[in-house]
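Following: one structure in structure tokens, then a few remarks.
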Amino acid sequence: MSLQRFVLKRGLITVPLLLGISLLTFGMVHAIPGDPIDFITLFTELDPQTEMEIRAEYGLDQPVYIQYIDWVTSAATGDFGRSIITRDPVTSEIMERLPYTLVMGIMAFGVTLVTAIPTGVIAAYYRDTKIDQASRVFALLGIAVPNFLLGLLLLLVFASWLDLFPILPPTSKGILSYDMLVYTLLPAITIGTGSTALLMRLMRSSMVEELDKDYVRTARAKGLPERTVVQKHVLRNSLISVVTVAAIQVAFIISGSVVVEIVFSYPGIGRLLVNRVGNRDFPVIQAIVLLIGVAVILANFVADVLYAYLDPRIRY
Amino acid sequence: MAMLEVEDLNVRFYTDDGVVRATNDLSYRIEAGERFGVVGESGAGKSVTSLALMRLIDEPGVIESGEIRFKGENILEMDDEEMRSLRGNEIAMIFQDAGTALNPSYTVGEQISEAIRYHLDLDEAAARERAIETLESVGIPSAAERYGDYPHEFSGGMQQRVVIAIALSCDPDLIIADEPTTALDVTIEAQILELLEEVATEYDTAIQLITHDLGVVAEFCDRVMVMYAGHPVEMAPVEDVYYDPQHPYTVGLMSSIPRIGDDRERLQTIPGRMPDLIEMPPGCNFHPRCPYAEESCTRVEPRLVDVETGEPADPINSDAQTAACLAHTGELDGELDYEVTVRGEDGPAESGPASGSPGVTDR
């Protein structure tokens, strides 16, 4: 099977996945205890007449499956309704904050890949030396330290003591401003550290395994320089298992952003989500949870395509 | 001066359990275009010998002493750069299991042409063309189309052909074939050997064929070295070894091969197993398994000697049949008491050992 056909086939599978995600999101949000009406009216007693009117306004008088169909069909066009709390369109509320989270997530993933893969390769190549042991210690720490603690530590050291970063994000300057991008490094490193540690060790063990394979000797016997042997032959095969896990890390990075955005007072969708969960702002919660689900599905799709690209045996 | 001269090669592996003496004072030579067989059981030091020629012995192994002269130059003194320009270019290697010797994630074409690009300094298109020609010469049908296929799309025999194509791609002077047919079934084995023979003639390439199969050596080689526990125990032109083996181990190896027309009920086996290379038995390493062993064999380590004269062997300059057994230096009281019978309609003279089938019987 050619790569194109593989991509097409794999792409089709995401359609039922997306439907499933939307069902789950909708179902779970509706299973949260508490009637949204109470939050809309701030727990005031209402006469039945007014309550009916408000329910009708938000479509809450319809049977649940009608509510779901209404929600999915308008969500498909990018319309998630209006926030119960602010009365603003959900889409614009999210779009305002999404760039912040996206930039932070991409930065976190970038930091992860840029540090994890080379250090993993080095640890594998110099296995069982001091370098390898140092990477093992770092990995252990990286996995063990929780995000919120690491975030606070980074703020303490780099923002408070060393004064290299402001303590609060310079949000007013916009996400693409230099100051904001620099500030975003801190939460990005915070989120990325756990994934870096994990991927580095995985890269190392995968590489150690590949280095022992016969084809490496074949490549050396061809007289190729050691650099080519490692970078061309070994690295590609070692990356196969790393790519899959890296894609799953995207999910961790997204979910990690929720906590980290609060630690850093970062104006992204994670913080929005936490705020609105407290207020039972269903339209916003649903939209964000759906967005996160879609992002994870997309990441997995990309991982599978990369996987097939790297390992031709997968395409069959 | 022979094309390849190995002199007193000692390879050691420093393991946690002790020092493994993988080869001991190994000396031999290979002439240009010659086919040289290296035979022995697993662990006799055959593969280590061939990896030493490529300087590809991995940790904890080291080439401790000796010289490996290729075209007069000691490759053990070359720097890494010089060594790399030799590997795959002038000395190439064919590996045992083609299934694992090929990188699963590159096309076979790329795996052949990368060496061509690197050594012969050809551009992409020219290297591709040469790779396709090489694929054709090893008998891969519609080579141009299969250039872009991945190893898993080939059968085992075809994969071995690809590995041979990689070895041939830069037109080497010496190919080291390390049990190239072990992973294949018998019909494919015959095809691959035939192919090797064909291309060795066509490209005028010397081959060091490593195998545990004396039958393969008989068909293929000009001279043969029988190895046991890292030592050469017999070295001679292939006819001499087949019709007149001079070491009990060679005899043991030969009588454990089934032959057509053989009326033996059971094949003979060599009792026991190869000694631990860390703690070798004193005297002759083979004495615990040797039916002719005497007390002196446990004390005196036999040297490789000319079986005619009993003089120390000179494997680099002489073609004489040599063996490492006390019987040839007069230090054995008894005699090597076996007889070689040659069956089959052809005489031993010109037909060569492949068609006549020598057999060995103990008296």
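Here the Cβ of each residue, glycine as well, is placed from N, Cα and C on the backbone.
In TrEMBL, annotation is done automatically, which means it is predicted and not curated.
The domain 'ABC transmembrane type-1' annotation in TrEMBL covers A:98-303.
Residues annotated as transmembrane segment in TrEMBL: A:102-126 (among others). Tertiary proximity for the transmembrane segment (A:102-126) is limited to same-chain residues at least six positions away from its ends with a CB under 8 Å from its CB atoms, namely 132, 135-136, 175-176, 181, 184-185, 187-189, 191-192, 195-208, 211, 230, 235, 238-239, 242, 246, 249-250, 253-254, 256-257, 260-261, 266, 268.
If you look up TrEMBL, you'll see A:138-161 (among others) marked as transmembrane segment. Beyond its flanks by at least six residues, the transmembrane segment (A:138-161) meets 167, 186-187, 189-191, 193-194, 196-198, 200-201, 256, 259-260, 262-264 of its own chain at Cβ-Cβ distances under 8 Å.
TrEMBL lists A:181-200 (among others) with the feature transmembrane segment.
The feature transmembrane segment is assigned by TrEMBL to A:239-264 (among others).
Proximity of distant same-chain residues to the transmembrane segment (A:284-310), defined by a Cβ-Cβ separation under 8 Å and at least 6 residues beyond the stretch ends, is recorded for 3, 6-7, 10-11, 14, 17-18, 21-22, 24-26, 28-29, 71, 75, 80, 83-85, 90-91, 93-94, 98, 236-237, 239-240, 243-244, 246-248, 250-251, 254-255, 269, 272-273, 276-277. What TrEMBL lists as transmembrane segment is A:284-310 (among others).
Sequence-distant contacts of the transmembrane segment (A:239-264), counting only residues of its own chain at least 6 positions beyond either end whose CB sits under 8 Å from a CB of the stretch, comprise 101, 104-105, 108-109, 112-113, 117, 120, 147-148, 151-152, 155, 169, 186-187, 190-192, 194-195, 198-199, 202-203, 206, 270-271, 273-274, 292, 295-296, 299-300, 302-303, 306-307, 310-311.
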